[in-house]
């Protein structure tokens with residue numbers, strides 16, 4: 001197994017972000033606006049597939065963007081599971097766009113450009129989550145995913161949508177700040193690292209109680225998993 005330093009994971013993430021910018025600029029021309037989505041999706045899929053042979057051979061693709069804290073960077077790592085998650089996310093971008101066009105255009109729905117812009121940012125965020133090399137990168141992209149999908153949940157702008165969106169942000173951001181973020185701080189304080197490492201970053205002999213508490217904090221801190229009792233946002237988000 002080799003570790004390959006490559007900018008390709010960053011290109012994969014940036015592709016849909018660039019598409020989001022073009023979507024915003026081409027909002028007056030719906031056909032061009034949606035064409036950007038399909039072109040970006042094809043490019044994104046091509047970049048992902050270019051990583052597949054190496055990943056299938058057991059290689060890891062890594063890239064460190066910048067150091068944010070001592071021994072903690074904004075960094076990406078592509079392994080088999082991350083690549084699979086990214087492929088699923090990007091593959092669904094095309095059919096969901098076609099479905100959204102068929103739904104929003106005939107109804108002459110408002111803010112279609114905003115909808116597709118936020119959708120593209122959400123795709124970038126989802127791939128960022130899949131490619132995260134450490135907890136801080138995962139946290140940042142998870143929160144970006146929450147914020148970028150909020151306008152999708154509240155798109156109709158009626159009372160149900162606004163109420164559902166408020167609950168959506170309260171649960172997702174609230175649990176992240178109250179549980180996931182403190183858990184990360186504890187891990188960093190105890191180990192000096194937030195990397196995803198084989199066998200974990202804690203030394204042998206670490207208190208089992210501490211490890212269990214941290215595990216629970218992470219599980220419920222990332223409430224997008226919909227775990228009880230922090231699952232009540234799901235029905236409200238379905239108004240989208």
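Each Cβ is built from the backbone N, Cα and C atoms, and glycine gets one as well.
Quick look at what TrEMBL annotates:
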DOMAIN    132-239  domain 'NADH:quinone oxidoreductase/Mrp antiporter transmembrane'
TRANSMEM  6-25  transmembrane segment
TRANSMEM  37-56  transmembrane segment
TRANSMEM  80-104  transmembrane segment
TRANSMEM  116-142  transmembrane segment
TRANSMEM  168-188  transmembrane segment
TRANSMEM  209-234  transmembrane segment
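When DSSP labels each residue, the domain 'NADH:quinone oxidoreductase/Mrp antiporter transmembrane' (132-239) comes out as 74 helix, 3 strand, 31 coil, counted as helix, strand and coil in that order.
Within the same chain, residues 33, 36-37, 39-41, 43-44, 47-48, 50-51, 61-63, 65, 76-78, 86, 93, 113, 116-118, 120-121, 123-124, 127-128, 131 sit at least 6 positions outside the transmembrane segment (6-25) and bring their C-beta atoms closer than 8 Å to a C-beta of that stretch. Among residues of the same chain six or more beyond the transmembrane segment (80-104), those with a C-beta under 8 A of the stretch's C-beta atoms are 12, 16, 34, 37-38, 41, 44-45, 48-49, 51-52, 55-56, 112, 115-116, 119, 123, 126-127, 129-132.
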